[in-house]
Amino acid sequence: MDYGLRLLHVKIKGGIYLIIPSVTEEQNLVKELIDLSTRDRIRAIRELPMSFEEKKRIRWVMSSIKQCCRIILHQHILGCVCLCHSSARQTLELWQGVMKEIGGKFGSSVLSYFMFLKWLLMFNIFSFLVNFGFITIPLLVYDPLPNIPPNVSFRGLEILTGAGYFNYTVMYYGGYSNETLSGLVDYDMQLAYFFTIAVYMVLCGFALIFSMARSFQRNYILAEPASSCAWQLLCSWDFSITNEKAVRQRKSNLRESLSEKAQMKLLTLSEKLKHFAVHLGSWLLSTGLALGCGASIYYLCQYEQQVHSSMEGLTLLVPFVVSLINLVIPLFYSLFYKFEQYSSQRRQIYALVIRNVFLKMSILGVLCFYWMNVVAKKYSCWESMVGQSLYRLVIADFLFLMLGSFFGEFLSNVIGTRLIPRFGVPEFDIARNVLELIYAQTLAWIGIYFSPLLPAIQIVKFFILFYLKKVSLTQNCQPPRRTGRAAQMQTTFIALLFFPFFVGALSMVAYTAWRLAPSEQCGPFRGLNDTFSVVGVWIDDLEVIPGSQWVVWIYQNVIRSEIFYFLITVVTLVITYIFWQVIQGRKSLMNLLRQQIVNVSVFEEKRLLLMLFIERILFCTQHWVYSKYILL
């Protein structure tokens, strides 16, 4: 029986056509019913001269069509919204196109540096918004004009030195009042300054810990060791590379790495002793250089204080020497690989990173010791003096970063391509550049107490540095020949940023708040024994306010109780131990599963060999029987 099956094109909202199979006799009827309202459609179906079963089937067809129309329309609208949202997000996201270009030409390892730079930029934007919103804006609303002496004017040198005109503005600690600002609401500047800095440092600590833990879980706990040849051959390809030249270079680097591992031989005892002596000498030399640089910076600071009152330009001596050391000594460390021989590239990178970290921490440790023990006792407004020193360090570091890009990368490219071709095009040193970013961020964290608006300088610095490094990378550098996993490198960056740099900066700020007496002539904490005393004064004021006794009780019995911190430490250690055991259990389970896979594969190989052996025996037996039969 021929039902005359055809395709029915039904137009729904949004200009979408729904294609359904239709019976010839019902096509015109369905077209008429689909355009009616629900009430008119029900009435029209009731009035049709058909049987109940036919009306029921038509009603079922109409309900199916309407349901399909709703689903398709919903999916169409949802797809348009998702497409618009994705397009808008990619358009508004900072440096999205530049990131893709860098990843396509130089790979994920170099891209990880720029992602880290962008992450630090967002950190400083958040810091600036917090400090400017809760500390600076209330003071500017209350007193918009700074109290600048008539004989002080802006000369331009303040951009480098941070002294003079800037010393009387809200750039530094001394420019903030200790009064309660009266307006629509009373705003206590002491509490605002203390709690803004404290909450910001706590939030930074939690953000770093969370980012480090999440990255460590993804990239280390669930990751395979990257040292095997099988991993390099099958899993080490960087799929973000799209440039044809970079692809060819990546293939060549992978081929050389595999050939070196294949030709690797065991060392004799004399060779091991020779390598140990070279490593020991390199470590002693690098440690001695770091300690010597720290001692020279201390004596240079003393010399600067003696001639500080004579010439303002001499205040740039210490920051320029510090930045010069941070530029030259890491380049000297990078030459050690010509004498040292490590079993893997990762160990060589870690050795270079540890040496540079020790160098920078020794310099920062000496500077902090000098500020806390010499500057704090010599000047009446010593917090502003420390803020000026940190401002000069940030500016000098930025200038030397630009010089480092010129001398370290541009001149190396000119020498390697025109003068001495055997040197070749320089590689982009990821470890050294990342440590420069970490050092710059540490200066901002230390200076957050002494110069609340220092993150604004960091924002401009990182923004310019991004384009400077991008231009230098594309014009002067080539991708690293040997790279580790980009994700694990990102985890290492965050771990170094947290410890020892963030922990050291937090210790410096905490020591200043708990142990050192604030200046008596400037700043929001003048007249107090220490910065933390502002909390005690606030609690004393709360005792006379009805309904605030619970806050006083928490402060006296919890915050100031040693048992509370002891219990927090014990709970933290217990939770850490539990998670550590969970991690070890998962690692053991993964090792067992891997071993089981190996055993299964070995069993399958043995079974296959046994079957081949049996087939061979059967074949030989049949051949022998057939031969005997022929002979008979």
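Just so it is clear, glycine is given a Cβ too, placed from its N, Cα and C backbone atoms.
Here is what TrEMBL records for this protein:
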| type | residues | note |
| --- | --- | --- |
| DOMAIN | 381-487 | domain 'TMC' |
| TRANSMEM | 119-141 | transmembrane segment |
| TRANSMEM | 191-210 | transmembrane segment |
| TRANSMEM | 276-300 | transmembrane segment |
| TRANSMEM | 316-337 | transmembrane segment |
| TRANSMEM | 349-372 | transmembrane segment |
| TRANSMEM | 392-412 | transmembrane segment |
| TRANSMEM | 433-450 | transmembrane segment |
| TRANSMEM | 493-514 | transmembrane segment |
| TRANSMEM | 563-583 | transmembrane segment |
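Beyond the ends of the transmembrane segment (316-337), by six or more residues, the same chain brings 160-161, 282, 286, 289-290, 293, 296-297, 300-301, 303-304, 348, 351-352, 355-356, 359-360, 363, 367, 389, 392-393, 395-397, 399-400, 403-404, 408, 429, 432, 435-436, 439 to within a C-beta distance below 8 angstroms of the stretch. In this chain, the transmembrane segment (433-450) lies apart from the transmembrane segment (276-300): fewer than three C-beta pairs between them fall below 8 angstroms, excluding pairs fewer than 6 positions apart. For the domain 'TMC' (381-487), residue counts in helix, strand and coil come to 83 helix, 2 strand, 22 coil, using DSSP.
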